[in-house]
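> Below is one structure. I have some questions about it.
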């Protein structure tokens with residue numbers, strides 16, 4: 001028998017070593033793409049990340065509900081105070097009559113102004129709530145009256161002539177009220193009504209404390225109510241508006257027990273989100289390292305580049321979503337703790353962070369539903385249809401914007417729903433969904449026959465184009481993608497080079513080859529411990 005040369009033996013050992021490395025890479029990749037249950041059977045690793053996400057969903061939802069109830073009390077308190085001031089300062093005010101609350105006679109204008117000043121002086125004696133005047137040191141903040149009028153001008157409607165300077169001047173005067181006494185300083189006069197007068201504004205500050213939050217173990221809020229009465233003269237109708245600018249401040253001297261339980265709960269949420277953030281970031285980094293290893297393998301053994309569609313598979317969008325949600329929840333929780341301790345009062349900013357973070361947390365649950373073939377059809381369909389949907393929306397959006405501009409400039413003066421670009425967009429979007437269609441046609445004013453006919457052509461063409469054509473094509477794109485994905489799942493055909501590479505490995509999760517043992521040198525040295 002001929003002896004086998006050492007070079008042949010070395011080549012066989014080298015080929016066997018390369019094949020073992022390739023098989024090791026396949027197992028690492030296959031383990032990376034397993035679901036938590038399969039990873040448990042493969043290595044006996046308990047799904048702590050899954051448990052953490054479930055716990056996080058529960059506590060974040062509880063946090064959002066508690067903050068929502070607290071925010072609801074704040075909003076209710078502001079709205080009720082606004083209604084209170086309307087009844088106190090607006091003469092003969094009736095609920096729901098703010099849109100038609102106007103003055104038409106000069107005597108009524110002066111009468112209403114006197115009424116405002118008188119009610120402000122008697123506020124402490126007539127209000128049912130805990131309202132007080134703002135006090136700076138030993139003096140109270142005065143009620144101020146401001147006029148806006150054109151600088152110079154003369155208007156003669158009878159002869160249709162006018163000469164006016166469009167520059168607007170502002171004249172200020174302050175009316176100091178003696179607290180608890182209905183009297184104001186002499187020498188302060190009410191504005192003289194003239195053709196140059198644009199508006200008259202009363203401004204004053206009233207303090208109030210919201211005690212509802214104390215029952216929920218939170219610090220009370222102190223509010224600054226800056227109320228402005230705007231009287232604008234238009235065609236003999238002077239409309240009276242009441243507005244409030246509410247600044248929520250920390251009470252200077254407070255003592256309430258049992259308010260830090262919610263702060264401790266928020267700290268627990270921050271710790272949980274930081275842990276989730278660290279675990280998901282670790283998984284993303286390991287996915288990137290595996291991607292680089294797979295790219296290097298393809299270049300060496302097959303000499304071709306890995307397509308972007310396969311590279312994206314290594315960077316899980318669900319991990320990115322969880323990382324973003326954790327970041328938003330951490331920021332929102334910190335803001336919430338500062339609000340509860342009255343360091344900050346940014347309810348709106350905190351609501352945006354907590355609301356968006358909780359939304360992403362719940363959407364992230366779909367990731368674990370996607371591990372089951374009967375439940376992941378939605379996710380796979382959306383992912384496959386996304387490129388075509390984006391291209392379709394870009395084209396349809398151009399047509400939609402063109403209709404918005406056209407409707408705003410032509411129909412706007414004759415239709416309330418087309419007065420601004422925002423309302424035009426909302427109206428057209430409602431029409432696409434078949435909502436509020438008849439009132440949109442009916443509310444068109446018939447003052448100009450030409451514009452009325454144009455509005456009919458405009459609305460009929462928009463409804464026909466978007467409902468019967470564009471919307472149907474959009475549904476067709478989703479339906480075709482769904483049929484394609486469903487057929488691929490039924491046939492089990494790999495649709496990418498990465499899936500073909502992984503399909504060669506037939507080892508089951510419970511086969512034992514994925515366990516990290518010293519006897520399995522390849523897996524011990526090169527498999528990623530995930």
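Cβ atoms here come from the backbone N, Cα and C positions, even for glycine.
Fair warning: this is a prediction, and the values are worked out from it, not measured in the lab.
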> Which of these ranges is annotated transmembrane segment in TrEMBL: 205-227, 228-250, 389-411?
389-411
> Of the ranges 127-145, 146-164, 298-316, 317-335, which one does TrEMBL list as transmembrane segment?
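When 127-145, 146-164, 298-316, 317-335 are checked in TrEMBL, transmembrane segment belongs to 317-335.
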> Labelled transmembrane segment by TrEMBL, one stretch among 99-117, 175-193, 422-440. Can you tell me which?
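TrEMBL lists transmembrane segment for residues 175-193.
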> Please find, within the list 457-478, 479-500, the residue stretch that TrEMBL describes as transmembrane segment.
457-478
> So which of 317-335, 347-369, 457-478 has the most C-beta pairs under 8 Å when paired with the transmembrane segment (389-411)?
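Looking only at 317-335, 347-369, 457-478, the most contacts with the transmembrane segment (389-411) come from 457-478.
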> On average, what pLDDT score does this prediction assign to the domain 'Mucolipin extracytosolic' (74-252)?
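A mean pLDDT of 68 is what the predicted model shows over the domain 'Mucolipin extracytosolic' (74-252).
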> For the domain 'Polycystin cation channel PKD1/PKD2' (343-485), what are the DSSP-based totals of helix, strand and coil residues?
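Per DSSP, the residues of the domain 'Polycystin cation channel PKD1/PKD2' (343-485) fall into 116 helix, 0 strand, 27 coil.
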> Report the listed stretch (259-285, 317-335, 457-478) having the maximum count of Cβ pairs within less than 8 Å of the transmembrane segment (347-369).
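The stretch with the most contacts is 317-335.
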> Which sequence-distant residues neighbour the transmembrane segment (317-335)? Criterion: at least 6 residues beyond either end, Cβ under 8 Å.
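Those are 53, 60, 63, 266, 269-270, 273-274, 276-277, 280-281, 283-284, 287, 344, 346, 349-350, 352-354, 356-361, 363-364, 367, in sequence order.
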> Same chain only, please: residues at least 6 beyond the ends of the transmembrane segment (259-285) with a C-beta under 8 Å from a C-beta of the stretch. Say none if there are none.
48-49, 52-53, 55-56, 59-60, 62-63, 66, 217-219, 315-316, 319-320, 322-323, 326-327, 329-330, 333-334, 336-337, 340-341, 530
